[in-house]
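What Swiss-Prot says about this protein:
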- Gly155, Gly156, Ala157, Gly158, Val159, Gly160, Lys161, Thr162: ATP binding site (BINDING)
Amino acid sequence: MSSGKIAQVIGPVVDVAFAAGDKLPEINNALVVYKNDEKKSKIVLEVALELGDGVVRTIAMESTDGLTRGLEVLDTGRPISVPVGKETLGRVFNVLGDTIDLDAPFPADAERQPIHKKAPTFDELSTSSEILETGIKVIDLLAPYLKGGKVGLFGGAGVGKTVLIQELIHNIAQEHGGISVFTGVGERTREGNDLYWEMKESGVIEKTAMVFGQMNEPPGARMRVALTGLTIAEYFRDVEGQDVLLFIDNIFRFTQAGSEVSALLGRMPSAVGYQPTLATEMGQLQERITSTKKGSVTSIQAIYVPADDYTDPAPATAFAHLDSTTNLERKLVQLGIYPAVDPLASSSRALSPEIVGEEHYAVAAEVKRVLQRYHELQDIIAILGMDELSDDEKTLVARARRIQFFLSQNFNVAEQFTGQPGSYVPVAETVRGFKEILEGKHDKLPEDAFRGVGSIEDVLAKAEKMGF
């Protein structure tokens, strides 16, 4: 291993000088520097630029407090490597793959893999478009997820993003035996802590690996932590042959950290002050998230939209990679409809007859048409009342309200709070239920029978209890 000395420290940027004739470290190599405390604490640096004259510019993955000029820096000869495999399940890691959950020590002999890899080649990719059944009616019917696809999750505070994420993790684990990897990128430490304890309480932590690089950490850690989570997910896909769910919260913070690093490295800023390499960095991350012939990594990415401006380069670059969007709407929360997924604003590339089948596509299209018409009639109803509607419109409104309530369902992970057992509804049951509502088979049942239930049989059972 070649070694150099710190030449200068500018915040999270550290320049390291190597002696003439020494082998310079490659770009993305991890360097290690020990502070002046008898080598008890070390800092990992990642090589970003070669400046010439034996000097490399690096980005620190931890705070550079305590570093001084002249300290020795060792080249590890490889990129940052993180633990992979079944031992990672139920544990919480940082960007470097160190455990931060204060649990039992992690096995020192666990397999590790570098976070920088090439995307799968064309001949390794799976060409089939297969739906990932979630058991959540509104998603499976109107905005289905593709195996190996990328989903954008939009929603403000308190609309149920975390509960939806937990239910997806639960359903993938219970029904598909699948693994989930949760990656917290540049978000609040408190939220990560709350999520960890909630997942412990709901019992889904055993099928989940968690990786955090929160907003108090240097930009280098926030930029690379998404790759750490992805590397753990890729191992389960490529070696274990699993279908993996990868949650990234929040993909905007990945771009934001890249922008900070770019400015620190002295690159000329691009549009709105973002890094000129924005599309490349996003592409390198997103292209690794895909289906191969061995398994799949399906990612659900929470996306913060700055000032609700969807033309901002950060969200706009992420949108180019998405297959589906799931929009959570506060108005639905106020109506007591959970999950509060907006059926008209959410969309999916998978909702086509070639992928989901003719019947599913026709039912989904008709559900959207009925809900859209109901949305248009709401102003008339609010001003003039239901009496001003024609008989056909009254029937449509009644069915639309039943559809709206039937799109809600109780979640397994929320059972401890609601006291109501959760339900997993297969896609075929979902399509059949909505088809029967559209055909008018359940027009005589009360609206309340459709709220917070699973299949159409649950509606009939609830109506019977209500005396219908």
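Placement of Cβ uses the backbone N, Cα and C atoms for every residue, glycine included.
Annotated features, which come from Swiss-Prot, shown on the structure.
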residue	record	contacts (Cβ under 8 Å, 6+ apart)
Gly155	ATP binding site	Lys161, Ala302, Asn327, Leu328, Glu329, Ala340
Gly156	ATP binding site	Leu328, Arg330
Ala157	ATP binding site	none
Gly158	ATP binding site	Val333
Val159	ATP binding site	Leu328, Glu329, Arg330, Val333, Ala340
Gly160	ATP binding site	Leu328, Val333, Tyr338, Pro339, Ala340
Thr162	ATP binding site	Glu191, Asp194, Leu195, Glu198
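For Lys161 (ATP binding site), the count of additional Cβ atoms within 10 Å of its Cβ stands at 21 [all protein chains shown]. Close to the recorded ATP site, the chain also has Leu328, Ala340: residues not among Gly155, Gly156, Ala157, Gly158, Val159, Gly160, Lys161, Thr162 whose Cβ is within 8 Å of the site's Cβ mean position.
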